[in-house]
């Protein structure tokens, strides 16, 4: 019997923001219309939650048969590992009320909590019909790379994932029997697989070419031609799965792209911990596998994950002597040097972005970085199967990568010297000017090493952006140099970095890597810090750059949930600086302090943290010139 309290107090319904506020991630006052929609003069539409529904009995029947089919397949490949219940479970013919796909037969019920439909499950629990079961990678049916590179470790510890019904079989005539035959364990559509490969070689390979194109062509062809009962296995299966995972992840963060289960694909491939423990394989293949996992992390939104795996890669490479390679001018030496160069470039890029020490100092390194060589022409089988695309810039030249190796080496020297300076921004002007001239010299050779008439990672604009970020790394404004040429260079480079990336973003030829969020935030904060510290009016070029940076962070926040802190922090700072030169409102300081703690926790350059806290803790009318 209900208590008096239950009978007198009605249930409080949780208020929900309108559709526009939810999409734009704005604070809604839960009125109709809300203040945001009213001020914009747009229609305010409430969010209606769909009722939770249950599965019918026919779905349980389908699950039983599907489980039996999976056990039968596993028992054929590994006798004795599974009990075959296929003969005991007969395929039931669904009645007229159960003729559709079990996933679509969801009658309304208000009091059942037995099972949640797949459409309401979290994204990582919804499995696509073409996803491969973990045991498929372990089948020793291919000889490719098996002699010198044994298969990856056992994946039995990975959670088994059951494919759902194929969309093509979701509907049918009433007289048809619902098919319970599982999809092929590697049944990803060929067009989707080809598009993943194309995306990988457009967005990842130009920056980190640690994989051989000819090997990838062979792996893709073997995967495509493999019969349903004999999929590829071992390391070829791992790299194919990782390329699928990276390509689907990049596409899921691009414009109008479907969301694939990239995390499940990566889990089916292998974790880097298992790669390290697999001592039967060569150190080169394991280092390449770790780099593939790092490429997935670069396009995810975890700063800690990126920092962890980049450091682990450098330790692993050092442990196996990649930092002391000798170039024998043969194919094997070229692959090793290229792979080591990718590990070095990744480590320096992460260190420059986050302001942390490098994984291995240059004094311990004797291996040469990659120098551009003529690449042999290879047939790219996936281009024959990929859907037509108007923006398919695919140039296999590695000239831009070789040029990037040079600037990463220069950045490494800058970081090493800046760490030795006891005072923030206390490097001598003569040394800073000499380093700036070297960066300018590298920038002047961009057109010799980039690919003209392209708009991706081999374009002059992208290489120019790296040069601008190098100047920001070198010239760090502070209270001691705020009115010197160091801050002038930092202001100009930051403005150019914001406008350049915004121009690249508009062309939609690059991915949305996570480190871009941090570097763009750093460039924007540097602009605002210099304007605030100098207590001057906002210059026109700085105002345009701030607008571009605001747009960039807003777009990236729509793709990465963790990027919302960067967007909010920058918007608060941009609004607070400008009305009164050199002054921040106390309310803005309080809000900025909270957001500064959040972005610091998520991950930013330590000098950016210094600038933010200096503005938060500043005293009104303080003279910045010392």
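Backbone N, Cα and C atoms are what each Cβ position is placed from, and that goes for glycine too.
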Q. Of 76-98, 99-121, 122-144, 191-213, which range does TrEMBL call region 'Disordered'?
A. 99-121
Q.
Of the ranges 476-494, 495-513, 514-532, 533-551, which one does TrEMBL flag as transmembrane segment?
A. 514-532
Q | Where TrEMBL places region 'Disordered' among the ranges 28-49, 50-71, 160-181 | A | 160-181
